[in-house]
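Reading through the structure tokens given below for one structure.
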Amino acid sequence: MAILDILKLPDPRLKQVSESVASFDQVLRDFIADLEETRLAGPSAVGIAAPQVAHFQRIVILDLSGRPKTPNHGHLVLINPEITHWKGFAMGREGCLSVPDYTGNVIRATQIRLKAQDADGVEHQYEMEGFEARAVQHELDHLDGLLFVDRVVSRRTDLHRRKVYK
Amino acid sequence: MTDTLSDWNLLTLVGADRPGIVSRVTRVLYGLGCNLGEASMIRLGGNFTIMLMVSGARPDAEILDALAPVAGELGLRLHLDPLSGGLHQHLLPNIQVRVAGADRAGIVADVTEILAGQGFNILELESDVAGERERPVYIMNIQGYSDQTIETLSGALAPLTERGVSVDVSPVDVLIG
Ligand SMILES: [Zn+2]
């Protein structure tokens, strides 16, 4: 196991689009273990995506098991994840291991349906909401070479008003 | 926070909004070799307001002299003050307080006094007046840090509800991923 180096803005490799995982083998399992160790070594991140450590495959780790008050599926390894359904939107504050010392407001879908494989290649479907849905959208962006700073909106962007008069 | 003077100055500019203010001002600063730090630039009541951290690579007088022609031409009032502290001192809010009500008089003082009494540290406050001209609605959004629970803060602010002011206290959950 090893703690891997995290790419930081403005490293251009963060813009690279990651490739699908095809082999579910020991190499994959070893990498997932390193990715998890790297996530835990950093400042309380609920998720990490493989491209953040310069490994350009569609692999995400998500762990909201430490947040009993938020609906979540606990610790997840998501391989080749795909959001198949979006609903609602909300603004929330995000930060990123790849963007130290900055947080910003981002609009994300509040409910999603997610399809992903696990480390053994078995496909699963998840219904997610709120914070967990936000975390998945943040991590999946990394797989497509996007950072939350590409989506930051001003706090004056008034979601509240739009909600009232919809 | 540090109390010692840093290399940073705070440049404040206020004036009627017109196109090109930001580019003209920042071009002058760049020409002087100044670095820019954190900035807030926003329209308030049809005026353009800029608060901008500018590194003190040059003497104050030189910065003010260089900006004088642009300020004169664009009708901007400007200020330059020494600043303690510097970059990379962000504090993360954990609580958000949203306030809305027809009652404007004293609403800001009332809300913030109650919060101060609870040891709430205001990090950001934005307010606006919405609604129709004859029936204005005052809307305020405060983000800050507090060790108190949501319930305690809500309870402390509850008396405002009797005045028809709607107050909502909610967690600010910063996602790191
Ligand atoms: Zn991230």
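Any Cβ shown, glycine's included, is placed from N, Cα and C.
Note: TrEMBL annotation is automatic and uncurated.
What TrEMBL says about this protein:
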- A:Cys96, A:His138, A:His142: Fe cation binding site (BINDING)
- A:Glu139: active site (ACT_SITE)
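Taking the features listed in TrEMBL, we show where each one sits on the structure.
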residue	record	Cβ contacts under 8 Å, 6 or more apart
A:Cys96	Fe cation binding site	A:His138, A:Leu147, A:Phe148, A:Val149
A:Glu139	active site	A:Gly47, A:Ile48, A:Ala49, A:Val60, A:Leu62, A:Leu78, A:Pro81
A:His142	Fe cation binding site	A:Leu14, A:Ser18, A:Ala49, A:Ala50, A:Pro51, A:Gln52, A:Val60, A:Ser98
Completion exercise
A:His138 (Fe cation binding site) falls, by DSSP collapsed to helix, strand or coil, into helix
